[in-house]
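Chemist: Below are the features listed in TrEMBL for this protein:
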| type | residues | note |
| --- | --- | --- |
| TRANSMEM | 21-39 | transmembrane segment |
| TRANSMEM | 59-76 | transmembrane segment |
| TRANSMEM | 117-134 | transmembrane segment |
| DOMAIN | 172-301 | domain 'GGDEF' |
Amino acid sequence: MPFKEYDHDFIDRNKKASSSVRLALLLSALVIIFNLVFFKHRDFQEQLHNNPGSYTDSIALVFLFFILSCTSKISLNHTSALSIRLGLHVWICSATFDLMDEFIYQPKLVGYYVEDMLRIIGMFGVGFGVYTLIQQINNKYVEARIQSFSDELTQLPNRRFFINELKKLEAKTPYLFIIDIDNFKVINDKYGHTKGDEVLSKFGHILSRFDNSEVVATRIGGEEFAIILYAGTQDRAEKLAREVLKNANKIIIKNMHHLSVSIGAGKKQPQEPTEHFMKRVDIALYQAKNTGKGKVEWALEPKEKPQDPA
């Protein structure tokens, strides 16, 4: 499978968390020994039978160990993961002091300045780690989402972005231009795919210059591109189409052979289904390709019938 090295979860279920858990167990054991050595003992049996606090504190400590075991499986070398783990270790020490308080007469200073301070520091470490981790995940999500809408070769938005934009404009009347590079197969066959990619990249760069708040250019597949003019007059749309033809012609393929493109153009009618609108513009592109190429052909209105070329 070609994507095997990328096929892993954020949580590595096979990763062992023994080192972190062992360290926490060691710290917890040291806290227990410290309490047993330096402080006076309570009646263990009486506390165990009559004090429910010992059970709730034990459950809380076990739960912290469980969280540490889970977070240790996060496949992430980042400050946030380290902060969470260190915070949990400190928190576990605090929880152990809290548990021992049920069986040992701890001085109040220990409760105030050791148990509570360790808990606060541990919570802060975990909270800070969770915040930065969520922030990192969000950044990765945004990056992945942008990449999913981008064409790698031309750096233009891709077909997915294009379709989404058209769906958003269902109730509006934008202009659409579908652009096809003429004789692109010949370019690939004659000069190689590297040259073909270079032509696509250069043309994509030209189209990107038209991008603004009212215009977006996209690559919708192969040698086909599309431009959406969100709002504007017919004159503005015709001028935009002419500029695309003119700028495309500035690309020299080889031996003074200039690039040529054909354009199908149209304006969406109010409440016209997106699929129907795209089909009309596609037909216009087909007409442009079959009546000379290197030109703009405007889509007929929905009720008009195309005339056969003479």
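Each Cβ is built from the backbone N, Cα and C atoms, and glycine gets one as well.
Note that TrEMBL annotation is computational and uncurated.
A quick note: this is a predicted structure, and the numbers were derived from the prediction, not measured.
So that I understand the layout, could you describe where these features sit and how close they are to other parts?
Modeler: A Cβ distance under 8 Å defines the sequence-distant neighbours of the transmembrane segment (21-39), meaning residues of its chain 6+ beyond its ends; these are 61, 65, 68-69, 72, 88-89, 92-93, 96-97, 100, 103-107, 110.
The average pLDDT for the domain 'GGDEF' (172-301) in the predicted structure is 93.
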Chemist: With helix taken as DSSP H, G or I, strand as E or B and everything else coil, how many residues of the domain 'GGDEF' (172-301) land in each class?
Modeler: 56 helix, 35 strand, 39 coil
